[in-house]
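Among the features that TrEMBL reports, domain 'Nodulin-like' is placed at 15-262. Taken from TrEMBL, the feature transmembrane segment applies to 16-42, 77-98, 148-168, 174-198, 210-231, 243-264, 363-381, 396-418, 430-449, 455-477, 489-513, 553-575. Among the features that TrEMBL reports, domain 'NFD4 C-terminal' is placed at 358-520.
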Amino acid sequence: MGRFGEKITSFFNNRWLVFVAAMWVQSCGGIGYVFGSISPVIKSSLSYNQRQVASLGVAKDLGDSVGFLPGILSDFLPLWGVLLIGAIQNLIGYGWVWLVVTGRTPVLPLWAMCILIFVGTNGETYFNTAALVSCVQNFPKNRGPVVGILKGFAGLSGAILTQIYALLHSPDQASLIFMVSVGPGIVAISLMFIIRPVGGHRQVRSSDGFSFSIIYGVCLILAAYLMGVMLVQDLVYVSETVITIFTLILFALLLFPIVIPIFLNFFRDPKSPAEEALLSPDKQESSKSQDSSQDILFSESELEDEKPKEADLLPASERRKRMARLQSRIAQAAAEGAVRIKKRRPHRGEDFTMMEALIKADLWLIFFSLMLGSGSGLTVIDNLGQMSESLGYDNTHVFVSMISIFNFLGRIGGGYFSERVVSEYAYPRPVAMAVAQVFLAIGHFLFAMGWPGSMYVGTLLVGLGYGAHWAIVPAAASELFGLKKFAALYNFLTMANPAGSLIMSGVLASSIYDREAEKQAHGQNYIHRGLSFSFPNFLRAEESLKCKGTICFFVTSLTLSGLCVVAVILSLILVHRTKPVYRNLYGSSRR
């Protein structure tokens, strides 16, 4: 009985169990990705025009990206507290929106609806922070795959929630908003005591590569399955029984990864030296000593004055040991006030504070490249319903599910291929971001042309390119600026998303759409008003109009394509600047 109890305790402290639980939270935590499905419901129920829907989209993007608070709270609260706060925000925000849309509470002004959307979607940042912080710490040597898989499941959540909504078979489309308000919170609260750091560096196994291969296989099967189910449900009539079967198979695929921690914990010998490579306490202490000592700088005279004369005659290994002990004694003397030491700024690849990172050009190159690249992709995600309607497609859910699936594949593929780039070639990870931005540029160009089938190909390319950003950027940031303040750095970079969306969707896309819709509504009597923009006009109620044809998003899509080309240039500049860093980080592992 005692042995079984140890197994159970070991199981709940297994880093693969934490990873799988984080995957489940992320699979329903990508709340923002269903906005394309719920925005038409809000628009019709509250008689909004496209500019007002765009303002809700910007509020959603801000909520999805402003993660300073969870980043700060993760330093003070246990991660289960972070998850709990996220679940409460999600319920309050989208629960109130559901009450307004269904007429159970009085209609609120647009600014109040924006606040509710912001609060509800902001719960996602708490889920993201808890999942990424715990798993990056548990898998410090596999940052690319871990971030890619977790962010991939967040991107796939739109398709998953849409399929669950199809199972409910509710004629009331507002019930999707209700599901979004309660579903993610239930899952997060159920798993909140599992998702935490568990000393992952002490659980490194030679079988990790095989376990990641299983996860990748499940991800690919899941994406292919959801794509097939989506096409079947769109092209032919499917009975409620068949939809139920489809959804049960989906749940089985989502639950399958739990076999990895079960097998590793209950059916493998954890003490086998071939399967487990624990870090020794000496190595850990040495690592901690290095981490703490890199913050201070001793003058050469201080070392030379104290260094024994015979130290230069010793072998190199022994000389390094002597110098390490000497630095330790000087540090102790400094603590007692006998020696003056000064703090030095960290170099790229070491641990930065937030203020130290903010003065580095590399951080701002990442930020602006991300703003142009992911901001353009997010503009498509927010306007996908209207884009498909303008081209004559009736079922907008198909494209919402499609971009969710390829967003998922982009994140999985971005994490995998960027990891291969750095581990096999010691080449900067941001080169993968430049490739993703090329995909985005081509996708936006196809949207602008409006050729037959271009809506499908453009959705595929934009989904892949947008998703890849969110596997590549967090891993690159952790490599360049360290893991010490990873939560704060990650949540700062996510601010690039709403910044790009505010300009590209809130101003550019919505203004052009409404202008073309008014042209079509008034015909030759339309008086050109131009693209003037002010915040009061942005929130002002106007008559709801619809635009038809490629002209609705032609200028917007061409502009977004050009901005993605600029993002490629910024990413390549970052690649050039960081080549020495990646050679130092990964070059030694290739020799």
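Cβ from N, Cα, C; glycine included.
Since we're looking at a predicted model, the values are computed, not measured.
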For the transmembrane segment (363-381): best-contacting stretch of 174-198, 210-231, 396-418, 430-449, by Cβ pairs under 8 Å: 430-449
The transmembrane segment (174-198) and the transmembrane segment (553-575) contact flag, 3+ Cβ pairs under 8 angstroms: no
The transmembrane segment (553-575) and the transmembrane segment (243-264) contact flag, 3+ Cβ pairs under 8 angstroms: no
Stretch contact, the transmembrane segment (16-42) with the transmembrane segment (455-477), Cβ-Cβ under 8 Å, 3+ pairs: no
Contacting positions for the transmembrane segment (243-264) when only residues 6+ beyond its ends and CB under 8 Å are counted: 11, 14, 16-17, 20, 23-24, 27, 160, 163-164, 166-167, 169, 205, 207, 211, 214-215, 218, 221-222, 225-226, 229, 233
Contact check, the transmembrane segment (148-168) vs the transmembrane segment (396-418), 3+ Cβ pairs under 8 Å, seq sep 6+: yes
Folded-back contacts onto the transmembrane segment (489-513), same chain, C-beta under 8 angstroms, at least six residues removed: 50-51, 53-55, 57-58, 61-62, 64-68, 70-71, 125, 129, 132, 352, 354, 357, 363, 366-368, 370-372, 374-376, 378-379, 382-383, 386, 473-474, 477-478, 481, 531, 533, 538, 547, 552-553, 555-556, 559-560, 563
The transmembrane segment (455-477) versus listed stretches 77-98, 210-231, 396-418: most Cβ pairs under 8 Å: 396-418
